[in-house]
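As recorded in TrEMBL:
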DOMAIN    36-453  domain 'Major facilitator superfamily (MFS) profile'
REGION    468-490  region 'Disordered'
TRANSMEM  37-56  transmembrane segment
TRANSMEM  76-96  transmembrane segment
TRANSMEM  103-119  transmembrane segment
TRANSMEM  125-147  transmembrane segment
TRANSMEM  159-182  transmembrane segment
TRANSMEM  188-209  transmembrane segment
TRANSMEM  245-262  transmembrane segment
TRANSMEM  282-305  transmembrane segment
TRANSMEM  312-330  transmembrane segment
TRANSMEM  336-358  transmembrane segment
TRANSMEM  379-396  transmembrane segment
TRANSMEM  431-448  transmembrane segment
Amino acid sequence: MTQGKKKKRAANRSIMLAKKIIIKDGGTPQGIGSPSVYHAVIVIFLEFFAWGLLTAPTLVVLHETFPKHTFLMNGLIQGVKGLLSFLSAPLIGALSDVWGRKSFLLLTVFFTCAPIPLMKISPWWYFAVISVSGVFAVTFSVVFAYVADITQEHERSMAYGLVSATFAASLVTSPAIGAYLGRVYGDSLVVVLATAIALLDICFILVAVPESLPEKMRPASWGAPISWEQADPFASLKKVGQDSIVLLICITVFLSYLPEAGQYSSFFLYLRQIMKFSPESVAAFIAVLGILSIIAQTIVLSLLMRSIGNKNTILLGLGFQILQLAWYGFGSEPWMMWAAGAVAAMSSITFPAVSALVSRTADADQQGVVQGMITGIRGLCNGLGPALYGFIFYIFHVELKELPITGTDLGTNTSPQHHFEQNSIIPGPPFLFGACSVLLALLVALFIPEHTNLSLRSSSWRKHCGSHSHPHCTQAPGEAKEPLLQDTNV
């Protein structure tokens, strides 16, 4: 086993050395310096900082555009975007293997940020373009592939952590900045600033970002065609039932992430319009929740993994998620939302713990296959969750017909009680549904063994690697599956 790991590391070092030699010989004339993780970090930060500025203005425009069925339309818009991202992410990852990362970084950032200036030009077109932009809203997929090109296997987890932390950091400050500028100078300035930052991101990619995958290292130069099996978004999902342990893990992920994806799409709208948070309060909520989540996923997660074990950490995270969603569902006061938000930060340990369990129990040659399944499940939830939450809000008649938004009440918190409370004792029905879903996930997770080896059959993977002289087939399957990682909802 030790000799195999040494050979694998030696092969990775050889590939990295070959890439550096090709780049040094003029394989990538464009860009500033050699490809690095910092190039990817700046691209991610600028893109999501621009969108974070628009948190408060988007909530206002959403209700003004769809005053009768705000939650339903929000769920449909985000659901269509998430589903399109799920379908397109593998294909874009496969195409970037052939045509290079830089061009697809430019493509994904451009189309992801294209709706921003439309917010003040035409709100209807703004939301329409947001839905369609899901086809290209997979910047994380290309960024993770970019990072995989320039790092060795033992460096990759730290590099991915840096990218994820940058994403969280961009959303800690930007909503608060956008809310303040909108209150003082108006939303038009916020939209102009977000557009300028998006253009800066595009210019940075054009001028400063070097290509991480030299032309001589691409499959096309070796005579290999595009891996259409890798480009199939349902390829990993088809293998779910081949192993009982994998099936339990995937069911747990689906039942727990479905309400999480729906919550991300509608919760800040819920805070603003139903719980009557001001834009500044929503921005502060996002910032505090982001900081607590970073602490939970680093310090707390590490302590729990060492003290109570991997499986118990998953169960604890699911327990926190049930409490959080139930609190959101029954809570009717702002302080309850803040308290539940602290619990929500603790529930963020679930998915990292699930990924760690898979990496520990799966065989070395099965890591990519199983991780690909979990990523596919999460991507599918990003499409189904928002639409499901919007539909539940709709059928429970949680509407905003009597709560028009004007420019004078954006900073106030004095609106009357929400009118639907007369007909319902549950302020947030979708969150209660989510709590029931996570309870089922907890019951399923109880049957996952703490230590086991996954014997998933990956004949199709081996068959694919054996049928093409593809340079990526010399890597571990986990490396080949990295471009399939999905974006999370902002």
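Each residue, glycine too, has its Cβ placed from N, Cα and C.
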Query raised in the report: Is it the case that the transmembrane segment (37-56) and the transmembrane segment (188-209) have 3 or more CB pairs under 8 Å, with pairs at least 6 apart in sequence?
Result: yes
Requested in this report: Count the CB pairs under 8 A between the transmembrane segment (312-330) and each of 76-96, 159-182, 188-209, 245-262, 431-448, then give me the winner.
Outcome: 431-448
Query raised in the report: Counting only pairs 6 or more apart in sequence, are there at least 3 Cβ pairs under 8 Å between the transmembrane segment (379-396) and the transmembrane segment (76-96)?
Result: yes
Report summary line: Within the same chain, the residues 6 or more beyond the ends of the transmembrane segment (188-209) and with Cβ under 8 Å of it are 31-32, 35, 39, 42-43, 46-47, 49-51, 53-54, 56-57, 102, 105-106, 109-110, 113, 116-117, 119-120, 178, 181-182
Query raised in the report: Which sequence positions outside the transmembrane segment (245-262), separated from its termini by at least 6 residues, show Cβ-Cβ distances below 8 Å to it?
Result: 75, 82, 239, 314, 318, 321, 325, 350-351, 354, 357-358, 361, 370, 373-374, 377-378, 380-382, 384-386, 388-390, 430-431, 433-435, 437-438, 440-441, 444-445, 447-449, 452, 454, 456, 489
Query raised in the report: In terms of Cβ proximity under 8 Å, which residues at least six beyond the ends of the transmembrane segment (282-305) contact it?
Result: 52, 55-56, 59, 165, 168-169, 171-173, 175-180, 268, 271-272, 312-313, 316, 337-338, 341-342, 344-346, 348-349, 352-353, 356
**Report entry** Distal contacts, the transmembrane segment (103-119) - CB-CB under 8 A, six or more residues away
**Finding:** 43, 47, 50-51, 54, 57-58, 61, 92, 95-96, 125-127, 129-130, 133, 135-139, 141-143, 146, 187, 191, 194-195, 198, 201-202, 205-206, 209
Report summary line: On average, residues of the domain 'Major facilitator superfamily (MFS) profile' (36-453) score a pLDDT of 80
